[in-house]
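Novice: I have a structure I would like to understand better, so I am pasting it below and will then ask my questions one at a time.
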Amino acid sequence: MQAGLSTRVGQWWESIPFLTSAVVVVCGAIYLICLLVGYDSFYEICFLPSAVISRFQVYRIFTAIVFHGSLLHVFFNMLALVPLGSELERIMGSVRLLYMMILLAISNAILHLIIALVVSHNPFHPFPELMDECAIGFSGILFSMIVIETNLSGAQTRSVFGLFNVPAKWYAFILLVVFQFLMSNVSLLGHLCGILSGFAYTYGFFNLLIPGTSFYSAIEAYPWLSSCVRRPKFILCTGGNPTGYIPTYSGQTTTSSGILSGNMWRNLSSWMPQRETAPQSMPQQDSRFPGRARTLASGQSQTTLSGDSDANLQARLLDENDHLSPTENVARQQVLDGRRPGLDNAVVAPLENPALHQSTALPDEQIQKLVSMGFEKTQVEVALAAADMDINVAVEILMSQQG
């Protein structure tokens, strides 16, 4: 019984991606050290608007999110982080998720400062105590991640602790109210700023601050990070893990589910305010198995890539397409689609007469929409040409290249 329990705990821990498990370890270790040495001067490291403004103690933006006030505080925060962080990290990659957490921490702090200043100095009914409110814990970022994950999932309703269902767009706000009533000493403003930052990220207001894939790839290539990149739990933004574990949710025996279904890519393509989402029923995937093949959902058709070799070949072709015309790219995609299963390692030769294939005009509206999501324009043109102007399939191709 004991051996079985320890084995299950070990398997559960190994299933948590690198960054998510690292945050759990760091927050847990910091609380344990504070407990052992008797440190409880949280007023020195919490997010305190008056101290940040008057003494410019900007370090509080980051110290506040890794320190926790009690055992239950750190336990429930980390318990909520594991499923949220794992799901987002497998989609974004470890480095990209770390960048998103830093961005959310800064935006939460800025919104906290602005709201505290406005409310505490308003001429009608000032609340000066907001400037001296000491906020601590990781829950602000957790609320941002809840908003982002809810939008990516495409779900119409969400369950609140299994008791009742609420509309997905109000899920974070319902949790905010529930926690405010159930728990004492909860920072309403800190959680509210987390929700606002999550919506700002979801609707593309941070797009100018989000770098391209080359930025994350350059960080992953740093020598000092090589020991982390080689770990099986580390997820590359490009999807090409040197240890052989490619977390791209692909497999022959399973299909996409929930956050990883076609609805997710449809939500990704509508991150800007003008969203046009159409719900589609997708088969459910067993959550125990990430799988090894992608399902491309596009209106009336679905295409499943049948193995890692196909996905890798498509990624290589997309990399080479930077130097090819759209007509050649369409031909290359046709070669890929018609490739026999026994030719996994075959090399596709350059076409000698691309003029024989019909050229495709790329609509500017679709190109601009994908560029606004953070993809490079050249790769967008290549993906649209390869997808026969189907924006959903183009998003899937671009995401498969980035991991």
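Just so it is clear, glycine is given a Cβ too, placed from its N, Cα and C backbone atoms.
Annotations in TrEMBL come from automatic prediction, not curation.
Look at TrEMBL and you will find 12-39, 59-85, 97-118, 130-148, 160-182, 188-210 tagged as transmembrane segment. Among the features that TrEMBL reports, region 'Disordered' is placed at 274-309. Annotation source TrEMBL lists compositional bias 'Polar residues' at 274-287, 297-309. Marked as domain 'UBA' by TrEMBL: 361-401.
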Novice: Where DSSP helix means H, G or I and strand means E or B, what are the helix, strand and coil counts for the domain 'UBA' (361-401)?
Specialist: 29 helix, 0 strand, 12 coil
Novice: Express the predicted model's confidence over the domain 'UBA' (361-401) as a mean pLDDT, rounded to an integer.
Specialist: 78
Novice: Using a Cβ cut-off of under 8 Å, list the residues of the same chain at least 6 residues beyond the transmembrane segment (160-182) that approach it.
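Specialist: Those are 143, 146-147, 150, 153, 188, 191-192, 195, 198, in sequence order.
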